[in-house]
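Below you'll find the structure, written out as structure tokens, and then a few comments.
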Amino acid sequence: DMKLKYISLAVLVVQNASLILSIRYVRTLPGDRFYTTSAVVMAEILKVLTCLLIILLQKRCNVKETLFFLLDSIVFQYKDTLKLAVPSLIYTLQNNLQYVAISNLPAATFQVTYQLKILTTALFSVLMLRKSLSRVQWVSLLLLFAGVAVVQVQQEGNKEASVSNSANQNYMVGLVAVVISCLSSGFAGVYFEKILKGSSASVWVRNVQLGVFGTALGTLGLWWNDGAAIAERGFLFGYTPMVWCVIFNQAFGGLLVAVVVKYADNILKGFATSFSIIVSTIMSIYLFAFHVDLLFTAGAGLVIGAVYMYSLPKGGSSSLTSSSSSSSPNGGSEMEAFLPKSVLVK
């Protein structure tokens with residue numbers, strides 16, 4: 001099983017780093033820019049289709065049975081489905097914000113700053129679920145915050161140098177997008193955990209419910225933001241093979257993480273996050289001529305250390321207070337299947 005663990009670690013790191021870097025790459029290319037709102041909708045649709053396929057396979061390809069099952073769990077138990085409207089709205093917002101953030105921030109900076117979601121998730125868990133954190137975890141949250149702050153200071157200093165070559169990038173916009181994204185991610189994750197504790201629906205059904213809302217809300221966002229332009233140029237305007245790769249990565253990355261987490265645990269997830277920050281940074285140096293100095297290294301180092309510390313088991317108990325631990329025996333893995341709507345592993 002050790003081998004499986006390392007395979008899942010590798011998969012997480014690759015998914016994590018490649019998504020950020022590829023979004024950054026397609027958003028900064030010259031030429032026709034695709035509409036990010038359409039990419040968000042497309043990823044949702046792919047996700048729903050994949051989950052429907054999995055449910056069909058679980059029902060041994062019996063179409064009739066599958067349809068009745070879906071009708072029952074999604075339409076007849078509509079109250080259950082409606083509960084997911086809130087997290088779904090937040091995730092749709094977040095997926096759009098993520099594109100905004102990565103279009104305006106260097107990939108490595110985004111990676112590091114996005115770790116603030118550990119902080120927001122922890123705070124919402126303490127407030128909404130009355131969870132308690134160990135002393136080590138509180139210290140790690142402080143370190144995390146310090147690390148992110150250091151990276152921001154470093155970027156501030158570097159800004160003058162890079163403004164000239166990035167005419168249509170606005171650092172402040174990117175930063176605000178990340179912060180809102182972290183807040184919403186923390187809230188949605190915890191709210192979701194509250195819902196999940198009182199229900200027994202399968203991971204795939206939950207993802208279909210989320211995806212149905214996600215598609216609808218995403219389409220609304222698309223119409224609101226880019227409606228006229230898309231009516232004129234088409235939904236798939238500016239889609240290159242690379243853009244399709246990003247969309248597939250975003251759609252299946254989430255489901256992949258859901259499966260991987262069954263074999264892995266929080267500590268491994270912490271490692272994967274830290275490791276992918278390092279990978280993104282190294283790749284950014286080669287791909288985007290990203291400039292790394294002592295301050296960035298110090299800040300990223302603090303963040304990586306904090307992520308690792310936060311995911312250490314508490315004293316004697318091995319249960320972890322992060323957004324993925326849950327009272328039910330496989331609550332952790334159930335929970336995870338949803339959360340990875342966001343780019344990074346939660």
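Glycine too: its Cβ is placed from the backbone N, Cα and C atoms.
Annotations in TrEMBL come from automatic prediction, not curation.
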Annotated transmembrane segment segment (source TrEMBL; candidates 99-119, 204-224): 204-224
For the transmembrane segment (294-312): best-contacting stretch of 38-57, 133-151, 204-224, 236-261, by Cβ pairs under 8 Å: 133-151
For the transmembrane segment (204-224), distant same-chain residues with Cβ under 8 A (at least six beyond the ends): 35, 37-38, 40-41, 44-45, 47-48, 51-52, 54-55, 58, 70, 73-74, 80-81, 84-85, 87-89, 91-93, 95-96, 196, 230, 255, 258, 334, 337-338, 341
Positions whose Cβ lies under 8 angstroms from the transmembrane segment (38-57), at least six residues beyond its ends: 63, 66, 69-70, 92, 95-96, 99, 202, 204-205, 207-208, 211-212, 214-215, 218-219, 221-222, 226, 230, 235-237, 243, 246-248, 250-252, 254-255
